[in-house]
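Enquirer: Structure provided below as structure tokens; questions to follow.
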Ligand SMILES: C[S@@+](CC[C@H](N)C(=O)[O-])C[C@H]1O[C@@H](n2cnc3c(N)ncnc32)[C@H](O)[C@@H]1O
């Protein structure tokens, strides 16, 4: 999903316009923190992870409370549409419930329906949560939550094996998206995808070869007695990628120092796989990275270049947001990733940005629906609309067509997304190859296959997609 500055928590942001009054209730601190996040995500159209970063990670909650608050907040945002449907079934006049009361009901309904919380505790805590900011609504909360406890046995209100609506409810997905996933991935992979989207994402780090070595990093973690597993995705070892077995390791001062020194960064394993896989066997003379954002792939590409070729690439980056280009420069600097030129401009009008320049490789990290990252971006699930997917596909195809004339003959054009819809992946590839701009390009193998297409299943990396086209004429 494209992100914009106004969706993020501004620096020094002190909280919502109408922060919940100091609790006069017995709601637990973790639930109050989760409610705070859920409310901010709704009111500010914010990203849950960003709000969790400011409101939970930096709070003085105990580590257990932080973990529970995070799980609750991510779960409630992920399931919000389904929670609303359940809440509405228990209300006589759904439209009369104020949004902040509904937020609190969502938290408790999530506990009742999806976490199997004991009825008494869930109702009690839900009422206390509402009482913490709206004493007058605590009676309503009590009545609604009791009805929801009674509804729990019938959830998902149908047979998920036969009824897509029940299947969608069971995994807290919009019905249209459930149908689309089944059509695009097949029933079993769609089911795996939906299940995995509701689980916590594993934590992967990348070793920045521009600053350190795998050996040094592994030794540093061993010294701290923290487990690291080397990662393979689809049987391909991802260079420099490790899974951190205990996420609390990130709180250790020694590990924080490694991040501060730019020796490691957090990045999903599939994202690391894509960066490593789009580099050709022989070092290209120049590479243009389109959709460079805040430099994560820029850093990975240069780190992989150090590994593969022993030196960094002549790398130009492009993004259409100036604030991202500024962030990219700062971040690339910290990670010692060399950027020859960081451009801001529209990749749909590449001629206007780079004139007649040719590159040995152009890599498009395309804006997309982001469905492969639902565990980390739970708000996408209920914000995305079918029309958005068609619009992403239009922009993606436009980016490829605009980039094609700027690839030198014999060079490569790589295209990546972090989504699973056929329309944005194979659909765009096909449309490009069939278009006039795609004449002279053919699909080139990537890791010995026709594409990278990582799947989402419990414990997996995110779902990413990548292809490489070779310019032959
Ligand atoms: C998938 S994100 C890139 C993530 C980034 N490469 C990273 O690793 O962090 C896609 C990026 O494309 C950028 N973008 C969207 N439309 C664009 C356009 N027309 N021209 C240039 N960049 C665009 C967005 O601002 C966003 O940063």
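For all residues, glycine too, the Cβ spot is worked out from N, Cα and C.
Dumping what TrEMBL says about this protein:
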type: REGION; residues: 1-30; note: region 'Disordered'
type: COMPBIAS; residues: 1-11; note: compositional bias 'Basic and acidic residues'
type: DOMAIN; residues: 193-472; note: domain 'SAM-dependent MTase RsmB/NOP-type'
type: BINDING; residues: 319, 346, 365; note: S-adenosyl-L-methionine binding site
type: ACT_SITE; residues: 418; note: active site, nucleophile
Enquirer: Are there any residues in the same chain, six or more apart in sequence, whose C-beta is under 8 angstroms from the C-beta of residue 365 (S-adenosyl-L-methionine binding site), and if so which?
Expert: 274, 289, 290, 291, 292, 293, 297, 416
Enquirer: Pick the one among the binding-site residues 319, 346 whose Cβ has the fewest other Cβ atoms within 10 Å in this structure.
Expert: 346
Enquirer: What is the biggest Cα to Cα gap, in Å, among 319, 346, 365, the residues listed as binding S-adenosyl-L-methionine?
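Expert: The span, Cα to Cα at its widest, is 14 Å.
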Enquirer: Please list residues from the chain of the residue listed as 'active site, nucleophile' whose Cβ is under 8 angstroms from its Cβ, counting only those at least six apart in sequence.
Expert: 270, 271, 368, 370, 371, 372, 373, 462, 463, 464, 465
Enquirer: So around the S-adenosyl-L-methionine site, 319, 346, 365 aside, which residues have their CB within 8 A of the centroid of those CB atoms?
Expert: 290, 291, 292, 293, 318, 320, 321, 347, 367, 399
